[in-house]
Every structure is written in C-alpha cells, then in structure tokens.
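Notes follow the structure.
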Amino acid sequence: MSRNNPPPVIITTDPDSPALHSAPSTPPPNQRPTPTLVIPGSPASESSHPESPQGNDPFRLSPNARLYPPGSGHSPTPSYSSALTPPSPTLTSSSSVHFSDELPTPSSPNPKTSLALRDNHPDARSGMETLQTVDENDPQRRHARGWSIGTWSSAAPTADGYSMKKPLIRTATGASEVDGDRGEDDANKKGKKDKKGKKGKKDKEEPPSAHLDPDKDKTDPTPFREKPSRLAMLVDPKSLEDLEKIGGVSGLLEGLGVDGEKGLAVGTDEGNAENGAPRSSADMPGGNGPQWRASMDRRRDIYGRNDLPRRKSKSLLLLMWLAFKDKVLILLSVAAVVSLALGLYQDLGTPPKIIYNDECPDGCEEAQVDWVEGVAIVVAIIIVVLVGSINDWQKERQFKKLNEKREDRNVKVIRGGSEMVINVKDVVVGDVCLLEPGEIIPVDGIFLRGHNVRCDESGATGESDAIKKFSYDECIKERDNLQPGQRQKKDCFLISGAKVLEGVGEYVVIAVGPTSFNGRIMMAMRGDADETPLQIKLNHLAELIAKLGGASGLLLFIALMIRFFVQLKTNPDRSANDKAQSFIQILIIAVTLVVVAVPEGLPLAVTLALAFATKRMTKQNLLVRVLGSCETMANATVVCTDKTGTLTQNEMTVVAGSLGVHGKFVKDLSDNASRSNANEGEGHSVHGDFSFDMSQLNDYASSSLQTLFNEAICINSTAFEDKNEEGKLNFVGSKTETALLRFAKDMEWPNYRQVRESAEIVQMIPFSSELKAMGVVVRKDDTYRLYLKGASEVLSNNCTRHVVVHQDGNKGDDIETTEFDDDTMSNISKTIIFYANQSLRTIALCYRDFESWPPAGTEKDGADEVPYEAIAKDMTLIAITGIEDPLRPGVREAVEKCQLAGVAVKMCTGDNVLTARSIASQCGIFTAGGVVMEGPLFRKLSDSDRLEIAPRLQILARSSPEDKRLLVKTLKSMGEVVGVTGDGTNDGPALKLANVGFAMGIAGTEVAKEASDIILMDDSFKNIVLAIMWGRCVNDSVKKFLQFQISVNITAVFITFISAVASSSEESVLTAVQLLWVNLIMDTFAALALATDPATESSLDRKPDRKNAPLITVEMFKMIMVQAIYQIIVCLVLHFAGLKILGLEDNDQNNTELGALVFNCFVFCQIFNQLNCRRLDRKLNVLEGFWRNWYFIIIFLIMVGGQILIVEVGGAAFQVTRLGGRDWGITLVIGALSLPIGALVRLTPTGPFARLLVKLHIYADPNKLPELSPEAEEEQYSYNPALSRVKDNLSTYARIRGGRLRASSMVAKSRNAQLRDADIQFPSLLTMVPTVIAGTVGAGAHWVTPHNSIGLSNPAGQDPSYSTAELFKGKVQLHPRTNPDDPLYAKFGLQPPESRGSSVSGAEGLSSGDANNV
C-alpha cells in the first residue's frame, strides 16, 4: 500500500462487509445509472436524462435551481408525494424523525419517510423544498428562532450588508465571486444601475444561488488538488459519482494532504492536545507533496475561514441620515430654514427699528436677532439627530459583541494524532473532526468511520428521516450491487447544520464558512431582528400618543390660522414680511408640538434597556439569544429545572461503592463512616458485608478483577483527557464518565488511552435515555465481551451473577463469581437506596462473555448490529459506584428568592425518586403540599388528572425529555409562563415549547443551545434568578420612562396649546427651541437615565404580572395624572398671573423674564419628576440605588447644567433672559415640590382610582374570575371515557330539569357524542345509571396499584422505606407536612400522616420513609 495514499480504516467483523471489498469504478452494464441532479448552466443541463430521451425527466431541476413540483407540467412522469412533516430534533414517539427505509411503490405511493437528499430524487419523495433556497422576503427568514439551524444565527438589529447574488469563495487575495468576476462584493454597492439606468432591485431581491459552479471558479487551489467550489458541490447535491471522480475518500485525503486517522500535521501551538504533545509533520505518516506541508493559514487563504463574513454595520453618518429622514423632522427643518431666511431678510434687508426706553431715552436701534431662532432650531434638530444616532450606534456595537459571544463554541478534532478541543472558527478544510450525540455539525464533510451515527438533516435540508451514515466504501459497494429500479440508500455525506442524534464517528472537512451548505443558507437568511413583544406594545402605544399629539398640533395650527386670517382684517397695517414671519411662527410652533408629542423615545427606551441588560447579563454568565426572553422572564411563574449541573455542581466524584455485592468501599472512610451501609447494626446489617477505604481497593481486588474493572470503565467511555485553559490536564466529556475515569486514574490502573488502543471494538451501544445505559463489545482472543454501565436499578435487574471479594484480602489471579440469590438481590436494592438517600448517583458496571459474534440465537438488525435486548441479560455485576454531585453554593437561597418572587420551582430529573427527593429537600424545592411523581406515571395520566397534579407537582423523577415537554405543555395550558432548563439533544422540544428556554453552556449540546432563548454559561441555577431580576428590571425601566414621558407629553401639549390660542400674537409661552430642548430631555436623556438602572433584588419582592396586565398600572396612571395636573396649573398660573403675583409691570422686559421663569419651572419640574419616576411601587425612597447608576447621575448633571447655561447665556437663541436669585428660588421650590407630591400620591389609596378606571372601562375588572380557554375546558372532562358519557347524559337531563343544573359547566355538550336538538325520549335517561356507576368505579380504580411481590423492584413488600426507585412506578408521594385534610389524600386513597401514628419530620433531611406513598 502506498504511503502517499493510506486506505481508510473500517472497523468490521463481517466477512461480507462492503468495507472489505473494493468497488469497481463503473457500474455493471445492466445496472440503472444513478440519477443525478442537473446543475443549471452546466453542460449536463442541456442534455437529456439517461432514462428520459425526450428531455422531460421528472428529476431534473428547473433553470433557477428549484425543483419542479409534481403536476407542474414540467414533470410528465407521476411523482410520489407525502405530507411534509415539520422537522424535529428528537426521537420521541411524537417525532417526525423515524428510522425507516420504506420505498414508494405504485401500490404504496405515500411512504412513511422521504429519502430525498439521500437517493438524489428529491421530488420523488416529497422533498420538493430540499434544495430550495429561502426567499429573502419570506417572513420566516426573519424569525429569531424558527430558522436558527446553524452556528451563525444572528439577531443583531442591523440591516443586511450582503445580497449574496453569488456565493463567496475565499482566495489568497480576499473574497471573490465564484464566477471569476471582479474581486469586490457587488452586493455592498448602493445605487448601482442597470443598462436602462434603473437600480437593479430585481437582482437584489433574487435569492442567492443554491449551487456552485466549479467551471467558473477561478481560485487557484495550489498546493491542493481541488477547488473550493468543487469540494462544496459534493454535498449539494450529494454526489457519490463526483466523489469517485476525485479518487474517493483516499483521493480526497491525498489531495487535501491529511491522514485519515491522525488528522492534519500541526505544531503544539494549534490547540490543546490530548497528551499535550501532538506530533510534528515530520513524525506524521503521509506523502511528501506540498499539500502535506501546507500551513493552516494557507488552507484558510484558499478554502476560507469557518466564519461568515461580518455584516456591514451602519456608520454613524448613515444612522444620522436615517434619523433625519423622519418626516416630522424634515418638515420642521424646512420651516426652520424658511424662518432663518425671513430672519436674515428682516435683519439685513430692512432698516432697523428705533426703540425708546429708560436706557435709550433718545432712541436706539433694536438688536438684529431675528435670524437667531432659525439657527437655534436647526442646531436643536442637529443635536436631537446626533444624540439619537449615537445611541443607536452604541446599541448596535453592543449587539454586535453579543452576537460574537453567542457564535463562539468549541469542537473536537484530531490533529497530530491526538484529540484536541479548538474553537469552531479555527476548523479548516482537511481537519478530521469528531461526531458526538447532540452536536450540530458546523461544516460540510465526508464520513470516515464511526458507530451507528444517525443525523437529523431536517433543519438543514427539509429531510425528515434520521439518516444513518456509512463509509464511502460501503456506499460504493451498495451502488454497484443495486438492481434495476432500486435506489441508493447509504450516505457518506455530512451537511453543516445537521444534528447528530446518536452514535460517534469521525469525518473529514470539505467546506467551511460561506462555501458550506449551511453557510450559504445563513447568508441568504440574514436580516434585521424581530421586535420584542414589549417593543410591539410600546410601538402601538407610541402610535396612539402620536396620533393624539398630531391631532393636537393640527388643531392648534387650525386655531392659530383662524386667528391669523382674522388679524389680516383687523390689523391691515402689518407688512408682508411680518405676515410671512407670523405664518412661519404658527407653522413652527404647530410642527414643534407634534415633535414633542410623538414619543419616539418609547422604542428607544426598550431598546436601550435591552441593550444594557443583555450586556450586563453576559458579564453575569447569562447569554441572551432571543431578546424577547428578557421581557418574558419578568413574568415567569414556573421554572422547570434539571438537577445535575444546575442545582448541583456537576463535578462528580466517586465517593463510595460496592465491589461485587459485599465489599463496600468509601473514600476517606475514617471521616465518612456514615457512607457505608455495611454492619450498621441490628436490623440493617447484611451477612457478609464489610467496609474498607477506597484507597485499599487494590488490596481486596485481584489483578484480574482490577483489569476487568478498569476495562469496563475505560473502553466503555467517550470521555478523554485534555488540557484546560490553564494548561492543566483534565477529563472532557460526560461528568459521570469523567468521574469514573478519574477514579480509575486514582487507583493507578493502566492509562485509559492504552486500554482503549489495545481493544478491538466490534460494536458500540451509545447512551440513550430509553436504555439508561451504554455499552461496548470487544474481541478478546477467540471470545467476545460486552461491557455495560448505566442506571444501577435498571442494570441490576439484568444481572444473574456478581463478582466475589473476600474480607481477609486473600485473593488469587482469577475472577471469582457467584449466582444471585434472594439475599443478594435485597442487598443490592438496599445499597442503591442507601446511596440514593445520600444524594449519590448510583452507576452499575457489568459484563457478559460470548463464544461467538453474533451470539448464537441472535441475528443482526438492519444496521448490521446485534439488538441491545438480545445481549443485555444474564450479565455479571462488577460493581455499583456512588457518585457525589454536591449542591452548588447559594442554590437554596436562589430557590427561596424564586418562591418569594412568586415563581414556583419544579425539578425534572432522570435520577431516581430517592436521590431527586433528597436534593429537592436540600434545595427547598420540596415543600408542604408538594407532590412527587415519576415520569412514566405522569405520562399516563389523563388530561384532567394532569391539570390537577401539575400545579402541585414539585419533583418529576425518572423523567424523559418527553415527560418534561408534557409538563411544560400542561402548565402553559393553565396560563403559566414557563421557563425550562435543558442540556440534552432531546430537550429541544421542551425548550422550544417553553416561554423561555435555558440551555446549559457547559454541559449543553449544540441542539439544546440552538433551541434555547438564554444560555446559562456556568450552568448555575442562581443565574435563572438573575434572569428574572433582569427581566423585571427591563420591564420596570420601560415603565419608569413611560410614566415620565407621558406626564411631560400631557403637560407640554396643554401648556403650548392653551397659551398659543390665548395669545394675541399666536405665540406659545414655550418657544419652538425651548420645546426641542424639552423633547431632547424627555426622549433621549430620560431614556438613557431611566433605562439603565441595574437589577436589584427588591424586584423579587412582588409577584409576577399577569399576561394581560396593562402596560400602565393604576399606580402609574395615578402618578402621571397628578404630576401633569400640578405642572399644568403651576405653569399656566405663572404665565397668566405671574406679573401680578410677582408685583411686576407689564412690559417687554418683564414679559421676557416671566417667560424664562415659566420655561425654567417647567424644565425643573421634569428634572425632579425624573427622580420621582425612579420608583413604581409605593415606597417613598426615590433615591434608592441612585449612586450606583452612573448613567443617571451624569445625565442628571447634564440636564441641570444645560438648563442653567440656557437660562444664563441662551439669550436670544432661546428667547430667555437671566434670572435673579428670587426667580431661581421659585424655580427650585416649584420643581422640588414634585417629590413630596409624588410621595403623597404613593400614600393615597389606590382603590378609588382603580374603581374609577374600571367604571371608565380603561381597565378590566380585576375581580372577574379568569376563564379557561375552550381547549382547556374541553380537556378538563376528557380524562375518563365514562365521565365523558356522563356529561352527555347530564346534558340531556338538563333539558328536562333545566335551571340550576343547566348553569353547571358539566352539562356542556360533549365533543365525543353530540346530541340532536330534538326532544329526548325518557328511556334515554336510563343510560345515566350504568355510566354514573361506571364513572365512579373507573375514577376510583384509576389510581389502584396492583400488589407487588417481594423482589428486586420491591424488596420490602409494601414497606416504602426500603423500596428502590422501581417501587414508585405507579405511585404518588405527598410531602409529610401536607395538611391531613388535603383533598389529594381522599382522591388518591392516601393515608394522612397522623393516622399512621408516626411523627412527621421536616422537609430537610427527609428519609425514604417520611413521605406518603401509594
């Protein structure tokens, strides 16, 4: 075998395996050629299909790279079709992903599955949209979650900087288009025109091409063999022929300069190697060609980086231009320019006026300052636009950083012969990457080897099947052996964006970044983020306020114009310039009123609040993926949390165990004697048990037993050792597996790497939640051995023997085993219970030997593997290990805070009841009235029982992801706002279904993260409390700003309107420039100040708001109205009676001073009211947390300083004059009075205001009872078929009895048996008798549990104190402190605590006998 062309390594024991036979390069003459997808523009597209001489092959693609739908006229051959099924990432009973290879036949044209992409016949299997590119106008492409199928999903609120008319290929000189046109990106050019001089909008709207054309790719691949586009086209469409043309996998590896087993040759600086010392290129096997010596940078230059090009950010100038394009501002700008022109003409084109006063008794010229107002308005507009644009620019930068953080993740690769963890962006073409369950494949690749790898490609291609991956050689063999009419099934292609459902394997990367399948789709889907629910609410409110403000402005303009026309008659002496100036003043004041009334700061406030919140949340290990989730968490009522890693530290360590059955080992036995259940005294001791320290385990186990124990741990594991960021070696993988590997390392047994490399693996059984176990079959000389590890109570049932150790330490070299007996089974059960009650996770390790493979009497399934059920029996138990996962610090306090905030916490865990209840009791989750139940039982409940149990269910043990999803669905149907944590691939549906999904940042799979809204980067439950706090902080910030702005709006509109209409000169007491300054204060400055308050724990002191709660609460409404009325009264009194109150004469100087005083009082009322609006509750301390918010302090000082400068030096620009000490004193007193008035409002009872608002129909009646949705009401009575029939009969009975009975909801007509409206005959009523009896019996028997005999599942008979988790199947537990009169006791036939005559212990330190069981 040539050294330059190493063969792929295929692990198989089947002599007929396709891997052991070479495939001919051409198919047999009698074989039907494999149908191929015709690429638009390629030579093949001009010719006919091999089997379609007329050129009407139904499998051809249309010229625009889209599939012809059946019956479209392009496809004369009938096409098979089936209902399209929405993609599902899970394999539950309700999943759309199934393992089936059923083919369509004329007799069965609708198969259960669609194998479109796999056999290259998309429309023959209803895969019409498999390769259809997403249209950029499709609303779904803008969805923040629904289309998030890959690594680069983005919710940044920026416009699309890419049009992707042609896919980009990274070359040595930069990004270029694949057709070899100019190297610049035409999509970024604005205003480009076609030959007719029109902008090419049509081209911009077309979706990007779904295919690449290698013939137009001018990229020079030297030193590699293949161009980037040619490699990318291997998977789009999947083409085994194209792969064969480049030499198959061996030719591909040779062309890329990579070893199929040891990966790329790199130096030690390319990542964290498994052993810290990857081999150099000189040590690597392979060729000596230039491609073998190419650097990583060279690979990136040719094939690109695994990172999508950054979207073009809007510059500050562009944001300013977009802000200035507001129609109202444009109108105001036009008016300001006209005013400036008239002012300049007045000042420069006309002689100055001569005025006489005390200072100028002989007369002097009036100052030429008419131009100042126009300039001031222009400057004010510029400031408003500039400040708003800077805010948007800063917000965009924050979201950009957030997206960069969110897109960051690690992947496992093989480089230099060692496994290492690198950043996903560092993956290059040629890398050998590892596949693991739950991973979202980040790049395109070709499968090399693996065990039972199945992928869900529905999210990437619409393919609804779970597709198993095979090696290239197996695919070639299948193709060459196809009979006429058969289609290719086996697939070796891996598509980016697909999800690994199960299995482990390796693949070589062939396309990354924008050239990958998913990369091109993600580039096409780029767009602005959707608005959050709160933004939508505020936009509606802002639109309403703007309409009212616009109506006020229009009404003011009409009123002033009427006065203007009247004065044309009554005062004809005015010059034309005066008339024009007066008209412009009317227009300016009306437009300015509209500017002030339009609350453009409302959307800004929520955006700023979200931007600041998400930035600070990221620093606190909360990565927000969907902005709306922040708002939703504010009103969360239930949190369904995992146990492992969320409530506990997820740093598992083996602290106790049982070697065989009798040898109980404990870590640090002298300090932890209570962790051994051996010789615990009379009534608890088990004959033959003995304890020893874990460090002495090698003294009690023979060398053969040590080897067996070590192999059971090391071979049956996917974890490995790696260097962390600090350069220290640690284990990477499942926490349970890493704990066992660390245990083996502490025992100083042979290194796991050596053990794995020496093992010849025949079959692997990956872990699944259904099996609750994982295993591996290895060949040992002429025999085969199965190693299994998993849940102890599950695997113990499958064992019939156990290893034997002796207390005296005498041992030989052989492994001694013995049969199970009744005492042994009881011992194992009590050991499991003992460990579980100490919150230890129990893992059993066992093995079984076979003489041949497959074993006699068994057959391999369709996947060429022996079924698990056929071999997982009659095993020998090696050991049961107790793994400790201590509680995270502060978890109990966090649970208490949730409960204080009105958020119920429910634990959903896969652990047994005893462990789950112990942890829940320590955390404070299991409280009086709480219910404990197992997942299988909860799943079997009727809808009505589930609705009754769900609110009180606190622990759902042994639950599957489907159970968690069902619980979430039930809670949501009851109107709860549900948050859910998840870390596994199968948690995806529950995370999607929940109102807010939390994924684990450390232990979570990529599928879980992709389905989530928020990622807990440190997997801690405490961060869920932080999310609630920040969510309420965002909502509170927006409400604070809303309370402030509406009061300013009302005051400004009333004062301006009344003073302008009452003025003889059509002038408002607040000029246009002054109103623009007020607008700047109430929109931008207030949004920055009030939307940046940090989250505080005081927000947890209240219950969550209802879903239909109004945006403006009664307290807010009360404060808004009182403050607005106070400010209107003060300002209007000063305006109309100020001269008399202050004892001033009526002249121009005093009027100007009075106008400045009114303006100053108005502004300082807003400044002090801004302080007042920092609180929404009835507490009086408005300065709480004031000194912690630097934004508020700085903006408060800017507003005060700016107002002082305006009054003191603003002069003619703001039409004010300097104020004396008395006036400043009046200003500060009037402004500061807002604070005591606010305190008085808070002390005023809310009841009268609430009743008034209800009578005015502004608010809904809070005393009105909530109603169930029609769906929930129907489900309420569908739990028992007998009672459904009773309901039908009661409906009939109500026709005769009527009245009171008819008022009951029980008499609603059943959807199961609708009755006619005709009269019912009396004999029909007799049907009530049997159905009522049946209903009573059915309801009573619904919870009856059959008697369990003594055995492993129930070793103590009916005594629950000594029961394993198996005992609780079909049972319900209540907390011992539950009220004895609780109706659940009677409903489920439970025995209240005191009736048993036993004392009731507290929730803490609960023993297995403290709970009530059925």
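Here the Cβ of each residue, glycine as well, is placed from N, Cα and C on the backbone.
In sequence order, Met907, Cys908, Thr909, Thr981, Gly982, Asp983, Met1000 make up the list of same-chain residues 6 or more apart from Asp642 (active site, 4-aspartylphosphate intermediate) whose Cβ falls under 8 Å from its Cβ. The active site, 4-aspartylphosphate intermediate annotation in Swiss-Prot covers Asp642.
Asp1083 (Ca(2+) 1 binding site) carries a helical DSSP state (H, G or I). Taken from Swiss-Prot, the feature Ca(2+) 1 binding site covers Val595, Glu600, Asn1079, Asp1083, and the record attributes it to similarity to another entry.
In the three-state DSSP scheme, Asp642 (active site, 4-aspartylphosphate intermediate) is classed as coil. The Mg(2+) binding site feature in Swiss-Prot is assigned to Asp642, Thr644, Asp983; the stated evidence is similarity to another entry.
Taken from Swiss-Prot, the feature ATP binding site applies to Thr644, Glu737, Arg779, Thr909, Gly910, Asp911, Arg958, Lys964, Asn986, supported by similarity to another entry. Long-range C-beta contacts of Thr644 (Mg(2+) binding site), restricted to its own chain and to partners at least six residues apart, with a cutoff below 8 Å, comprise Asn650, Lys735, Arg841, Asp885, Thr909, Asp911, Ala1003.
Annotated Ca(2+) 2 binding site per Swiss-Prot: Asn1049, Asp1083, Glu1208, in sequence order, evidence recorded as similarity to another entry. The 10 Å shell around the Cβ of Asp1083 (Ca(2+) 1 binding site) contains 25 further Cβ atoms across the protein chains shown.
The topological domain 'Vacuolar' annotation in Swiss-Prot covers 349-370 (among others).
According to Swiss-Prot, the topological domain 'Vacuolar' annotation covers 563-585 (among others), on the basis of a curator's inference.
According to Swiss-Prot, the topological domain 'Vacuolar' annotation covers 1062-1068 (among others). For the topological domain 'Vacuolar' (1062-1068), the model gives a mean pLDDT of 77.
Here the topological domain 'Vacuolar' (1140-1153) has Cβ contacts under 8 Å with residues 1133-1134, 1215-1217, 1219, 1223 of the same chain, all six or more residues outside its ends. The topological domain 'Vacuolar' annotation in Swiss-Prot covers 1140-1153 (among others).
The annotation topological domain 'Vacuolar' is assigned in Swiss-Prot to 1213-1223 (among others) on the grounds of a curator's inference. Long-range contacts of the topological domain 'Vacuolar' (1213-1223) within the same chain: residues 372-373, 375-376, 1071, 1073-1074, 1077, 1149, 1152-1153, 1155-1157, 1159-1160, 1206-1207, each at least 6 residues beyond the stretch ends and with a Cβ under 8 Å from a Cβ of the stretch.
Summarising the annotation, Swiss-Prot assigns transmembrane segment to 328-348 (among others).
As annotated by Swiss-Prot, transmembrane segment applies to 371-391 (among others).
Nonlocal intrachain contacts for the transmembrane segment (542-562), taken as residues 6+ away from its ends with a CB within less than 8 angstroms of a stretch CB, comprise 586-587, 589-591, 593-594, 596-600, 602-603, 1046, 1049, 1053, 1056-1057, 1060-1061, 1066. Per Swiss-Prot, the feature transmembrane segment maps to 542-562 (among others).
Away from its own ends, the transmembrane segment (586-606) comes close to residues 326, 328-329, 331-332, 335-336, 339, 377, 388, 391, 532, 534-535, 538-539, 541-542, 545-546, 548-550, 552-554, 556-557, 560-561, 564, 1034, 1037-1038, 1041-1042, 1045-1046, 1049, 1052-1053, 1056-1057, 1060, 1066-1068, 1071-1072, 1075-1076, 1078-1079, 1082-1084, 1086-1087, 1090-1091 of its chain (Cβ-Cβ under 8 Å, at least six residues beyond either end). What Swiss-Prot records for 586-606 (among others) is transmembrane segment.
The transmembrane segment feature in Swiss-Prot is assigned to 1041-1061 (among others); the stated evidence is sequence analysis.
Here the transmembrane segment (1069-1089) has Cβ contacts under 8 Å with residues 373, 376-377, 380-381, 383-384, 387-388, 391, 588-589, 592-593, 595-596, 599-601, 604-605, 608, 1041, 1044-1045, 1048-1049, 1052, 1055-1056, 1059, 1131, 1135, 1155, 1158-1159, 1162-1163, 1166-1167, 1170, 1189, 1191-1192, 1195-1196, 1198-1199, 1202, 1206, 1213-1216 of the same chain, all six or more residues outside its ends. Among the features that Swiss-Prot reports, transmembrane segment is placed at 1069-1089 (among others), with the record citing sequence analysis.
Across the structure, Val595 (Ca(2+) 1 binding site) and Asn1049 (Ca(2+) 2 binding site) are spaced 10 Å apart at their Cα atoms.
Residues in the topological domain 'Vacuolar' (1062-1068) partition by DSSP class (helix H, G, I; strand E, B; coil) as 1 helix, 0 strand, 6 coil. With a threshold of 8 Å between CB atoms, the same-chain residues lying at least 6 positions outside the transmembrane segment (1224-1244) that come near it are 1115, 1118-1119, 1122-1123, 1126-1127, 1130, 1157, 1160-1161, 1164-1165, 1167-1169, 1171-1172, 1175, 1177-1180, 1182. With a threshold of 8 Å between CB atoms, the same-chain residues lying at least 6 positions outside the transmembrane segment (1119-1139) that come near it are 1043, 1046-1047, 1050-1051, 1054-1055, 1058-1059, 1062, 1069, 1112, 1145-1146, 1150-1151, 1154-1155, 1157-1158, 1161-1162, 1165, 1169, 1172-1173, 1230, 1233-1234, 1237-1238, 1241-1242.
Arg958 (ATP binding site) falls outside any helix or strand according to DSSP and counts as coil. Among the binding-site residues Arg779, Gly910, Arg958, Glu1208, no residue is found with its Cα located within 10 Å of the Cα of Asn1079 (Ca(2+) 1 binding site). Only residues 6 or more beyond the boundaries of the transmembrane segment (1041-1061), in the same chain, are considered here, and those with a CB under 8 A from a CB of the stretch are 538, 541, 545, 549, 552, 555-556, 559-560, 563, 589, 593, 596-597, 599, 601-602, 605, 1067-1070, 1075, 1078, 1081-1083, 1086-1087, 1090-1091, 1111-1112, 1116, 1119-1120, 1123-1124, 1127-1128, 1131-1132, 1135, 1162, 1165-1166, 1169-1170, 1173, 1176. Put simply, Asn1049 is the one of the binding-site residues Gly910, Arg958, Asn1049 whose Cα lies nearest to the Cα of Asp1083 (Ca(2+) 1 binding site). The 10 Å shell around the Cβ of Arg779 (ATP binding site) contains 15 further Cβ atoms across the protein chains shown.
The distance from the Cα of Glu1208 (Ca(2+) 2 binding site) to the Cα of Arg958 (ATP binding site) comes to 74 Å. Geometry remark: Arg779 (ATP binding site) versus Asn1049 (Ca(2+) 2 binding site), CA distance 81 Å.
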